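Taken straight from TrEMBL:
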- A:Thr184: active site, nucleophile (ACT_SITE)
- A:Thr147, A:Lys173, A:Thr184, A:Glu271, A:Asn392, A:Ser397: substrate binding site (BINDING)
There are 2 protein chains.
Amino acid sequence: MKEIKGNIASPKGFTADAIHAELKFQKLDLGVILSEVPAVVAGVFTTNKVTAAPVQLDKAVVAEGVAQAIIVNSAIANAVTGEEGLNNAQKTQRLLAEKFELNKSHVAVCSTGVIGKQLPMDKIALGISKLSAKNGHIDGFAEAILTTDTVKKEVVYEVEIGGQTVTIAGVCKGSGMIHPNMATMLAFITTDVKIDQALLQKMLSEVIETTFNQITVDGDTSTNDTVLVLANGLAENAEITDENSADYATFKAVLAQICQTLAKKIAADGEGATKLIEVNVTGAPDELSARMIAKQIVGSSLVKTAIFGADPNWGRVISAIGQVAPFEVSDIELEIQGDLVLLHSTPVDFDQAELSEKLKKKVVVIDAELNTGDKTGTAWGCDLTYKYVEINALYHS
Amino acid sequence: MKEIKGNIASPKGFTADAIHAELKFQKLDLGVILSEVPAVVAGVFTTNKVTAAPVQLDKAVVAEGVAQAIIVNSAIANAVTGEEGLNNAQKTQRLLAEKFELNKSHVAVCSTGVIGKQLPMDKIALGISKLSAKNGHIDGFAEAILTTDTVKKEVVYEVEIGGQTVTIAGVCKGSGMIHPNMATMLAFITTDVKIDQALLQKMLSEVIETTFNQITVDGDTSTNDTVLVLANGLAENAEITDENSADYATFKAVLAQICQTLAKKIAADGEGATKLIEVNVTGAPDELSARMIAKQIVGSSLVKTAIFGADPNWGRVISAIGQVAPFEVSDIELEIQGDLVLLHSTPVDFDQAELSEKLKKKVVVIDAELNTGDKTGTAWGCDLTYKYVEINALYHS
């Protein structure tokens, strides 16, 4: 596989557009992804029991397994909006289907932004009427879905599958919060690979566990989190129908790479973040524990503030391990930025000033070997800063 | 029951002392609680798999069920200190037993402070030699156990049990962090009540669930958390031996009141806190869920920052509910500082400016009615402030 330049419309048969529908003050706020032909679709959604209206609608789309468009607005989350909110999501779906002459049930709808506010349907309708399937503002899509994100987040890969070049592209937003609300993660992946829908869903559900589910910014799960993959088959590879095939493995590896890259971009752009933190746990008896421990470390407010302060505070790291390890931990080996700080769960002399200097880099890596097995897990997050408090305390709802 | 003035030595037969053993730069850092006679003892400890040396030792004391003294040092946690740390905890226990001619196994040892550093045993030994059972600096005890706490935390109650006046006193520290480490909670309760040891342990374990276990400052569980109750029987009430008796119920109510008061004091004095937050969840199908949901709300970084900013951000509250509710939540009624903001899970008009003004008070109360049952739960925490980040980022290890 190799990374290439491109965008969400790089895979064959996809296009995109983005406009300013006056939901935000000035910026792009309404975007669409379109496929020339119906694509198989897989999706994963927030586990929050309070789900936004569009999430409820998209679950039905994914259950049927086919999609041809995704319409996304930022600024308003359409969450906790009751019956009216659900009607608005359905109306958005219908308007987009009419505009591009699609089957209504093939249109996914996503929203991100303020909770508890209704969508201004006149603006949405006018916006949809302006969207185009030709010569659209493709590059604008990645921008139109942002809230308090500070950068666009895109990645595109190419890979050979069954003698054909397959392209797979991903775009996401996350960790942004529009008052009065919360971090929402949206990720969309387009590809021209030909693959069985059930296999794509299975693959996505597995890949999510080690990528998007392993990032944390503030421990809160949004009402709107959504990941959708559209595969339209236009690469004309022999359809992937066997999960034990080499093609399946190859495509899964690229999907995992895309999801991991996007997940890390979200973590690095966490609210107020100055640093990306990566935690690798090795030597665990099972993968679930390894991932859970890695996520606990990277999510600990004490670890996050220490890293903001460039403090090699290993005590907070091993305390985080001890909080969630479902087994005894008495032989921990800990490295921070490659420097050994703990061996056999006993402090080791290290150059505090030198390590503190290394902690000023933009990426901080913590490696914890638990010596209780051979399973591993990784998680990503960011530091906890004054800016995080400012963003979340001072911008009123 | 009534609250009275006093201290940890108010119950009959107890005394205390505190000195400066040069573990801290200037402040009191070594304290002792002593009972004239052996007392039954109950205890609960951190669930962190990485437990400090003294915790391991105290578990053995509680298992035997009798204690006559608690020796506590601040500044150094004696955690992650290996074999040497355990030897030092045992030596501390032995030295105190020799000094006051006690059975060694009747001495509990507690430490709080820096992780990964050995106790300076010469200073501890010298300090113990200076401690006194007569005319000691009783009021100093509550101060000697503090780390980054900003205030002493004590409470004393009196209650009639079996015709006798029983006194019960509590003291604690918490939410303080000494670099390079973490919030540790220590609480000690003395009483002259006569009660069966097994019943006292059962009562304490139950009371903890709705009090100390329902506070959160930053979601981290320390390696040293300890709660100990010593009951020496000198009030000469008829021994409480029946958990269905009125005396048991009366004493449990006072113990719960003491634990709740101490827990709230810890939450209010959380690192960098400007406000105490109380969350009451009602209408849940079971108590465990109610408590879990209350704790999730009060522990949410988004809720905590909103309250710091005096922002009535109900979206963050119901999102927190949705994250952990093990049942459907579709009919939530939410009040913030007594103002209704959500009814039937639908936003209600309220005076934003007026409510924001109310959120500037030192105590913020959030009431969430879930309308799915009749069980309740309460949790306490504090806001997340610039000061929290400063305390935890800028004081280096």
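Using the three backbone atoms N, Cα and C, a Cβ is placed for every residue, glycine included.
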Protein Cβ atoms within 10 Å of A:Asn392 (substrate binding site), excluding its own: 28
Sparsest-packed of the listed recorded positions (A:Thr147, A:Thr184) - C-beta count within 10 angstroms: A:Thr147
Packing count at A:Glu271 (substrate binding site) (other Cβ atoms within 10 Å of its Cβ): 26
Secondary structure at A:Asn392 (substrate binding site), reduced by DSSP to three states: helix
List of the recorded positions A:Thr147, A:Lys173, A:Thr184, A:Glu271, A:Asn392 facing chain B, defined by a Cβ pair under 8 Å: A:Asn392
A:Lys173 (substrate binding site) - helix vs strand vs coil (DSSP): strand
